[in-house]
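Some notes on the structure that comes next.
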Amino acid sequence: MRIDPFKLAHWMNARKYTAAQTADLAGLPLDDLRRLLGDEANEPDPAAATALAEALSVEPSQLAADAHRNLTVVHKSAEEMHASRRPIQRDGIHFYNYYTLAAPEGRVAPVVLDILCPSDRLPALNNGHLEPAITVNLGPGDINGRWGEEITPQTWRVLHANHGGDRWITGDSYVEPSYCPHSYSLAGDAPARIVSYTAQSNISPLMTEANNWSTGAFEEALKALSGKVSAGSVLDLFLARRAHTRTSAAEAAGVPPADLEAALRSPASETGLTVLRTLGRALGFDYRVLLPADDQHDGVGKTWTTIEDSRRSRRTFGTYEAASMASAAHLPDLVGSFLRVDADGRGADLIDHAENHYVVTEGRLTLEWDGPDGPASVELEPDGSAWTGPFVRHRWHGTGTVLKFGSGAHLGYQDWLELTNTFEPAATLRRGRRDLAGWGYDN
């Protein structure tokens, strides 16, 4: 296992150990530790790596080097995508074929599905998954979607394919929440496919943490979150952690208790915002967490965008023509666009604050990007795909269509909230990136 020198330095600082103390605790020569701090390619024997982890009270994996450093773009040809095909059996029939699109190893990747369940059969539901998703009909046929045991207008709907002259907008799309059971069948005799953009879930770290909690602790958490998370329930948790009641908190903030109760009933009102902001300043918490989400979903959690909705969203973006897929304010990191490319020369630069996943649906397109060793490019045809990292400058040219998806896997809205609270954010990031500075007491 290669040791990441920056992770090693971070944990030495976090544990408040000097290099000499760390080496002594791990039973390593000090010069060996210094070599690990200075050389990313240095790979200690397993016993030394384990000893270092034990000395710093961490798991060895918390010191392991990542394989993704300096990664800018990952791409996959149509042939490579087709080679990833795996047939799925469900309900006694060949139900789907799955194909994986480009993504770095160890990260969530979008998939394309051949829909094979015939139209005269009710498609058997799956169990849902943690990752929310944007699902888009790629055509050429329509698709039946199912989202519940009982068939209702909310649990059964057709995802239409675009049969018009603007087929670069491939079809209907919808946003699907975590753990929503779903399934699809053909809506006629025409074949059909979907792309399922399963994005990284922002609550995935919480679920990983909760897996290690005791059953009693987890049940207490569920009590606090029962029903719809509200300003009052969250505030009560914040106050208990600070040894406050609503009465004492209101007194500390100079707010009448009745005004606080009114603010919790209507947190987004002008008075509610003023009261909660005053309370946050007095007690030291971010009042924005208490504001209600702007939910945009039906009774099973879906948010739908029809072909006509996408057509109405058409606009020029640099050298591209764009149209929107389904989106929802309560899942702000989950984004998707249809992108029409028609540029013989260099296309307009694209540079996003989070990862992008692309899949080509028509034409032969060239993706160019600024790599760590200079300009790079790849030519992709339909079913070719690519992943671009955050803040990687890239562009498309040629004539065709590419579907553009994004998630919050890198710099998501939670990160932006944190950065708005960070003193000198640029300086903090500059210092923290690849930081090998000791904590100041080695000498």
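Every residue, even glycine, has its Cβ placed from backbone N, Cα and C.
As written in Swiss-Prot, here are the features:
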{"type": "DNA_BIND", "residues": "19-38", "note": "DNA-binding region"}
{"type": "DNA_BIND", "residues": "245-265", "note": "DNA-binding region"}
{"type": "BINDING", "residues": "K16, Y98, N126, E176, H182, S196", "note": "substrate binding site"}
{"type": "BINDING", "residues": "H129, H182", "note": "Fe cation binding site"}
{"type": "DOMAIN", "residues": "8-63", "note": "domain 'HTH cro/C1-type 1'"}
{"type": "DOMAIN", "residues": "234-290", "note": "domain 'HTH cro/C1-type 2'"}
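Here the features listed in Swiss-Prot are painted onto the structure.
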residue	record	Cβ contacts under 8 Å, 6 or more apart
Y98	substrate binding site	S84, R85, R86, I88, V111, V112, L113
N126	substrate binding site	R90, P181, H182, S183
H129	Fe cation binding site	S178, Y179, T198
E176	substrate binding site	P132, A133, I134, T135, H182, G301, K302
S196	substrate binding site	P110, V111, V112, L113, A133, I134, T135
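Counting other CB atoms no more than 10 Å from each candidate's CB, the binding-site residues K16, H182 peak at H182. Per-residue pLDDT, averaged over the domain 'HTH cro/C1-type 2' (234-290), rounds to 96.
Using a Cβ-Cβ cut-off under 8 Å and counting only residues 6 or more beyond its ends in the same chain, the DNA-binding region (245-265) has close neighbours at 230-232, 235-236, 239, 271-272, 274-276, 278-279, 281-283, 290. Residues of the DNA-binding region (19-38) grouped by DSSP class, helix first, strand second and coil last, total 17 helix, 0 strand, 3 coil. According to DSSP, H182 (substrate binding site) is assigned to coil rather than to any helix or strand.
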